[in-house]
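Taking it in order: structure first as structure tokens, then the write-up.
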Amino acid sequence: MLSFFSRIPSFHPESRLLIIWEALIVLVTLYNCFTIPFRIAFNATIYKNWFLLDNLADLILIIDIFLRFHISYTKEGELIKDKAEISIHYRKTDFKSNLIASLPLDIFVYLFLPQASLILMGLCRIPRLLRFPQCFLIFRKWDNNVYFNSGVVRMFELFIIVFLIDHWVACLWFFIGNLTGQSGESWLQGDNLHLENTTTQYLYSLYWSITTLTTVGYGDITPQNNIELIFTFMVMFLGVSLYAFVIGNVVAVISNLDASKNRFRDKLGQVQAYMWERKIPPSLQKNILDYYQYMWEYNRDVTLDFYFLDELPHSIKTRVYCYLYQELLEKVPIFQDAEPCFIEDLVIKLKPRILPPHDYVIREDQMGHEMYFVKRGQLQAFSEKTGKVYSLLVAGSFFGEIALLYDSRRTASVKTLTYCELFVLYKEDFDKVLNNYPQFSEKVKKIADQRHQVRE
Ligand code: CMP
């Protein structure tokens with residue numbers, strides 16, 4: 001067995017296998033946290049094959065002790081894989097408590113004292129609870145793992161804490177009742193309910209625990225003596241703190257869940273304050289707010305997306321852009337049979353821009369520094385001098401290429417008719433693409449020449 005463990009390679013602390021194993025450790029620990037106090041308080045077991053399940057749980061915890069000698073850890077940002085160092089680290093940290101937690105005292109009692117009560121068996125298993133704090137370290141690890149939803153992990157953790165506290169208080173309440181000679185029946189005013197079986201006894205205890213901890217306190221189960229009264233006060237105090245803890249955590253999780261919405265609201269708040277301070281005319285304020293409304297409905301927070309993309313390595317960034325611009329790439333006819341390297345080269349150079357209706361994108365006769373691709377919306381190319389409309393530009397169209405191709409002034413004005421989502425390609429990038437990909441250059445020139453002819 002030992003030689004088998006010595007041949008095991010060291011695990012990365014974030015590996016998937018380890019995450020599954022740690023989930024199993026959490027499950028086993030929660031099983032112990034639930035069954036041990038239950039067994040001690042109610043002198044009962046909730047299932048027939050408890051001995052088998054207990055031993056299976058214990059076996060998992062013992063295997064875990066051996067495995068821990070093979071799990072790398074990070075020290076000052078460096079991953080330590082060396083087995084000797086891992087062993088020293090583990091011995092210094094959780095090893096002793098894990099060893100005590102796995103002491104098989106209950107098996108000795110079972111073998112040598114066959115008449116022993118379930119209470120005694122439960123007491124022998126109390127050291128298993130030493131594993132409980134490690135569950136929170138595992139939760140923290142999941143919380144920091146980018147593949148886990150932090151909100152879900154925190155809510156799960158909160159649920160576990162609240163449920164276990166309710167359960168432990170219920171077990172203690174029944175235990176104190178038994179110690180002080182107040183059996184379950186006398187808790188109930190009127191004495192007309194018979195708590196003859198363990199399930200009912202447990203459910204009533206849990207009911208008392210939850211009503212007291214949540215400060216609801218119906219008063220149908222009341223303390224009957226001084227010890228129970230003192231215990232009830234303590235549970236009430238605990239309940240108030242638990243209540244505040246739960247509310248605080250739920251609020252934090254919910255506000256984090258909708259972080260992008262909150263960021264957007266903050267931004268909108270700043271915009272509104274600015275417009276109010278500068279006394280911007282109401283009609284202009286409406287335009288600005290309509291713009292943000294559109295941004296939110298269709299793009300969420302565009303600026304933030306692009307800020308994080310710039311941090312990514314080139315290859316990943318290109319793949320993300322290809323995915324994000326898929327809709328545009330499918331719509332623009334000149335991109336459709338283009339080589340993949342052209343697309344990859346181009347997408348990274350495109351910059352998104354959102355414009356409101358009736359906005360000039362290009363003014364006739366001005367110098368041109370960029371061209372545009374239309375992802376969504378409608379625009380009009382027309383002459384401001386003659387009023388002649390040349391063309392309606394829709395999703396998949398491009399414009400502004402003539403001034404770039406011929407280093408000339410703009411041949412027409414282009415105005416948005418609706419909200420438009422455009423992608424801008426600046427002259428220096430346009431020139432590079434043109435030089436590197438003659439096929440693209442030919443296609444653009446052909447369309448530019450046709451447009452020239454239409455205008456003449
Ligand atoms: P540019 O001259 O750089 O700026 C104005 C743009 O309007 C121009 O490039 C073309 O992209 C576009 N344009 C000009 N004439 C037409 C037309 N007849 N049909 C479609 N688009 C045009």
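Glycine is no exception: its Cβ is also placed from the backbone N, Cα and C atoms.
According to TrEMBL, the protein carries these features:
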DOMAIN    334-434  domain 'Cyclic nucleotide-binding'
TRANSMEM  20-38  transmembrane segment
TRANSMEM  50-71  transmembrane segment
TRANSMEM  107-130  transmembrane segment
TRANSMEM  151-176  transmembrane segment
TRANSMEM  229-257  transmembrane segment
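Comparing 20-38, 50-71, 151-176, 229-257 for CB pairs under 8 angstroms to the transmembrane segment (107-130), the maximum falls on 20-38. Note on the domain 'Cyclic nucleotide-binding' (334-434): mean pLDDT across this stretch is 92. Sorting each residue of the domain 'Cyclic nucleotide-binding' (334-434) by its DSSP state yields 24 helix, 39 strand, 38 coil. Residues 5, 8-11, 13, 18, 21, 24-25, 28, 31-32, 35, 83, 86-87, 90, 94-95, 98-99, 101-102, 104, 106-107, 110, 125, 128, 131 of the same chain sit 6 or more residues outside the transmembrane segment (50-71) yet have a Cβ under 8 Å from a Cβ within it.
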